[in-house]
């Protein structure tokens, strides 16, 4: 008899209290927003509703030999998106770009002013971006009293969309105002780098819910370790002794920082594990983005054209996914409720777009080595700024670990520049004719 009553009880609950069951189901459905892996899968599902039809359309146009048989109003658009010019070259022969030469680019004073301008622009853009990123993802809005918890913004994808729409606008205006190389790459090829780029950006925002900002910065700085491991295992690359030495130093520094961190901020093992998994996802997606963009640069294009193409698809993917989830208007409503968040989101996007332009200009004027030094300094300052503003406790051992990491990064830059200068000195001098 007791067993019968236990079996019948759920049926009575369903028949007599349907509102209670509906409320429970509603709470379960609402709760999925708090599970990052479910949000990740829902985002991917939204992107697939654009990628899969696009794949079949591209396959159809290529299979039917549309480039030879097609005509009409849509032919130029389809040709640009699917076929391009298919002419690969490493030369920007449509634009007269003088090679970077510090000795002939003006007086030393002018070069110093340019360097200060680039360094200041990069530091201001990305330090502000880092501070706002942590503010938006870890603090609440609308709290009027100390007892009031306020409301936290949770949708990382909307922030990615905000960043990309402004970057698209800036790069588009740049392409219109300044002469660019004739574009040859099929537009759909930008979608691969775009997808990995928005996924890495999503992971970067989302990780701040589970780990501290200094931990995130150190993990990004130690990205060289998995890159070297992947190169050794997959491509059988060989590395110099100083590369192994600096990789060991970075590993030691990161381990010292993580082991010395107090668990009070993140007491849950699951939460810490989630942060590590999300950071690994960031590194994987970001590594793919840079490698795919290197492959795309074989076509005739400038860095700003690359910026425009990648951000174009990023806007398409993110706004499509946000609208399908119904999250776009929820985020806009959050902006209308909290003007401070709206200001932070817009300023975050401005800093991201301006930072990309400063990256292109700095590398063009001074090369990758100087740019790497500036950005490494920026990472160190970002950690100090975050600890000062948001109260992250760093022990003496943890601070020593941070110093070891950035010492190793500077050693890598120094050794690589010495190696490149040594190779140039061994080249025979040009013969006069």
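Cβ from N, Cα, C; glycine included.
Feature annotations, courtesy of TrEMBL:
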| type | residues | note |
| --- | --- | --- |
| SIGNAL | 1-23 | signal peptide |
| TRANSMEM | 39-58 | transmembrane segment |
| TRANSMEM | 112-132 | transmembrane segment |
| TRANSMEM | 158-178 | transmembrane segment |
| TRANSMEM | 241-260 | transmembrane segment |
| TRANSMEM | 266-285 | transmembrane segment |
| TRANSMEM | 306-329 | transmembrane segment |
| TRANSMEM | 341-361 | transmembrane segment |
| TRANSMEM | 368-391 | transmembrane segment |
| TRANSMEM | 397-415 | transmembrane segment |
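Take the transmembrane segment (397-415) and the stretches 39-58, 112-132, 158-178, 341-361, 368-391: counting Cβ pairs under 8 Å, 368-391 has the most.
With a threshold of 8 Å between CB atoms, the same-chain residues lying at least 6 positions outside the transmembrane segment (341-361) that come near it are 118, 121-122, 124-126, 128-129, 132-133, 135-136, 141, 153, 159, 162-163, 165-167, 169-171, 174, 303-304, 307, 334-335, 371.
Sequence-distant contacts of the transmembrane segment (39-58), counting only residues of its own chain at least 6 positions beyond either end whose CB sits under 8 Å from a CB of the stretch, comprise 32-33, 82, 157, 188, 191, 195, 202, 206, 316-317, 320-322, 324-325. Listed by sequence, the residues of this chain that lie at least six past the ends of the transmembrane segment (158-178) yet keep a Cβ under 8 A from its Cβ atoms are 136, 198, 201-202, 205, 304-305, 307-308, 311-312, 314-315, 318-319, 322, 327-328, 331, 345-346, 348-350, 352-354, 356-357.
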